[in-house]
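Take a look at the structure set out below.
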Amino acid sequence: MKHFTTLIVVFVAIKAYLVALALVVPRQYDTSSTLLFPNNRFLSRLVIWDSVFFVSSAERSHLYEHEWAFSWMWSRALGLAGSRDAIAYTAIAVSSLSHLLAALMLRKLTESVFHNKRFAETTALMYILSPAGIFLVAGYTESLFALLSFTGLYLRQRGQYPLAGAVLGASCLLRGNGLLWGIPFLFDLASAIKHNQFNRGVSVVIGGSLVGAVFLYTQYLPWSIFCPERDEWCNYYIPSIYGYVQQRYWNVGFLRYWTANNIPNFLFAAPVLYLMYQSMSTNPSLVPFYTVHAIMGLACVFMWHVQIITRISTCLPTLYWYMAKLAQGYNGHYVVRYIFVWITFQVVMWGAYLPPA
């Protein structure tokens, strides 16, 4: 109970601090949020960047092709809230609450993996202090995606593969990289085959298939809407609208981000990338986790907008295990100081509509 109380106090303090900073940052040059909420300063300062797309799409569903870069399911779910203001408040509330629940689920997952209650509690606390900062407040999908990820991984850890697959499959409705959670099932299947565990193998196949099936549905849905009338990506060998709009509208692709003007973004990402690199482990029982960890890190460096690593890494328990290990060490206070300085800098830049975002 004492640890839970500590988590709640730190959680509320961090959220209040980030929101207060966002409200006092000098007004950004982009007016999208002001046009959406001309008479609501709170929402006009928090619903910016990607949140603008989520709220707009929630009001009228996905209308334009480029909006499919943002979760269709998240927008549809938010749309149930009704009015524009209600949608925005709901997004912020769900994002914030999911952050807390994700920390609690990460604690359960960590204790299940390491059988160390104190380490699990430290991991949960580090997750509350996450470098993702304002992105776990402002109505993005990261918090809920992380909650589903940790829940699914916990169920997998307990051998409940079909249920784990259903939960991790649901994460694919929020973010395409949820497909990567199918990788641990491949390791589990190999283990089941090696040890002649037929029933376990069948259970693993069902769970992994659910992840793949939901991901394929997220690709089929826009294809059924736009194709075959929309040439171009409809005729690709793998007709994925997400990959197409990311490449066309956001210039995502191999080494496309490696330009001189993006050097600051690489510097923004460097601390988290360094922590991810240092945290790598060859412990056989952890290899499935670290395989996903490594793929996401490499994809961010070579394929995606590298600065997003600070927020999309929130689904990686491996990163927070390492941060918890550092926090329990002799110089653990340096980790906490780094996070506090970083999230302060981050929210000021984000609120002024400047990278990293």
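Placed from the backbone N, Cα and C atoms, the Cβ positions cover glycine too.
Annotated features, as they stand in Swiss-Prot:
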TRANSMEM  6-26  transmembrane segment
TRANSMEM  86-106  transmembrane segment
TRANSMEM  128-148  transmembrane segment
TRANSMEM  167-187  transmembrane segment
TRANSMEM  201-221  transmembrane segment
TRANSMEM  257-277  transmembrane segment
TRANSMEM  286-306  transmembrane segment
TRANSMEM  334-354  transmembrane segment
Next item on the list: Establish whether the number of Cβ pairs under 8 Å between the transmembrane segment (128-148) and the transmembrane segment (334-354) reaches at least three, counting only pairs separated by 6 or more residues.
Entry: yes
Checklist line | Distal contacts, the transmembrane segment (86-106) - CB-CB under 8 A, six or more residues away | finding: 4, 7-8, 11, 15, 36-37, 43, 46-47, 51, 54-55, 58-59, 78-79, 123-125, 127-128, 130, 136-140, 142-144, 146-147, 150-151, 154, 314, 317, 320
Checklist line | Contact call for the transmembrane segment (167-187) against the transmembrane segment (257-277), three or more Cβ pairs under 8 Å | finding: no
